[in-house]
Structures are given as C-alpha cells and as structure tokens.
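Written below as structure tokens is the structure these notes are about.
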Amino acid sequence: MQIKQIEGALSAKDARFALVISRFNDFIGQKLMEGAIDCIRRHGGSEDNITIYRCPGAFELPMVAKKAALTGKYDALITLGAIIRGSTPHFDVVAAEATKGIAQASLETGVPIAFGVLTTENIEQAIERAGTKAGNKGFDAALTAIEMVNLYRNM
C-alpha cells in the first residue's frame, strides 16, 4: 500500500486574491503589500486577479477578511499589517483578537486566509520584517496563500 500525499504547488496562475491591509502603521503595511504583490507576480499571478481592501486597523482585519471571503470572488486572502507594542496592554488585546479573528474567519468561510500581520516589540523589528534584514513577511504570507489555493484545488 502506498501513502497518498497531497500538497499545493507554488503557482498563482488563475488564482484570485484579496489583500486585506490595516492602515494603522501604514508605511509598514505598504511594504508588506508590495512584497505580497511581488510574490504573486513572481509565481505567475496577475494583478488583474488581486483586489485590495484597506481597513482602519488590525482589529478590523478579521471582519473585512470574512466579508471578502464570503463574496466567493477569491481563492485566498492575505491579511497584512503591523501591531507594535506600546506602553499599555492594548498591544496584547489587539494582537490576540486579530489573530483569533483571522483564523476564525478562515475556518468559518472555508477560504484560506494567510496571516501576514507583524506583531513586534518596536518599530525597528517591524521595518526589518517588511523588506529589510528579515525579508518581507508580506511575500511570505502570499506564498502561503498560493500554496493553500493549490492544496485546496487538489483536495
């Protein structure tokens, strides 16, 4: 007996994506968006198959992602933003709720939603993860979305 293995290819050809981006810490979100679009392009995707939704902050990402997923227009979504620790517990609340909400939206809709939201201790760490020393986490999230689209297609 041979074990069957199913996985997703890294081809964005004909895949439709929604990018849901937090405007808070927008200069970081912009860099993450550029990374995600670059990834989709490099893997055969078309800008014509990308829609961008902008919301006020990371707390709103799950709501917008779920509504976009429910339209049936997208094969996958990519959530992008930056939550940077400050001097109050606000960071912990927003980071936890955004993370849980995005996962819940994906589970409830059955549409893959990739998590490209940075949670960092300071602005320097966010900048590093948005295209400098630590790569671009928007690119990485898009790569996850591409793989998930193809995995779902193969199931």
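Any Cβ shown, glycine's included, is placed from N, Cα and C.
Every protein chain shown contributes to the tally, and the Cβ of H90 (active site, proton donor) ends up with 12 other Cβ atoms within 10 Å. As annotated by Swiss-Prot, active site, proton donor applies to H90.
Non-local neighbourhood of A82 (5-amino-6-(D-ribitylamino)uracil binding site): S22, F24, N25, I28, G29, L32, A58, V117, L118, T120, A126, A130, each in the same chain, at least six residues away, with C-beta under 8 Å from its C-beta. Here Swiss-Prot flags F24, A58, F59, E60, A82, I83, I84, F115 as 5-amino-6-(D-ribitylamino)uracil binding site.
The (2S)-2-hydroxy-3-oxobutyl phosphate binding site feature in Swiss-Prot is assigned to S87, T88, R129. A coil conformation is recorded for T88 ((2S)-2-hydroxy-3-oxobutyl phosphate binding site) in the three-state DSSP classification, outside any helix or strand. For T88 ((2S)-2-hydroxy-3-oxobutyl phosphate binding site), no same-chain residue that is 6 or more apart in sequence has a Cβ closer than 8 Å to its Cβ.
Non-local contacts of F59 (5-amino-6-(D-ribitylamino)uracil binding site) by the CB criterion (under 8 A, 6+ apart in sequence, same chain) comprise V94, E97, A98. Between the CA atoms of I83 (5-amino-6-(D-ribitylamino)uracil binding site) and H90 (active site, proton donor) there is a gap of 10 Å. Per the record's binding annotation for 5-amino-6-(D-ribitylamino)uracil, residues F24, A58, F59, E60, A82, I83, I84, F115 show a top Cα-Cα distance of 16 Å.
DSSP classifies I83 (5-amino-6-(D-ribitylamino)uracil binding site) as strand under the three-state reduction.
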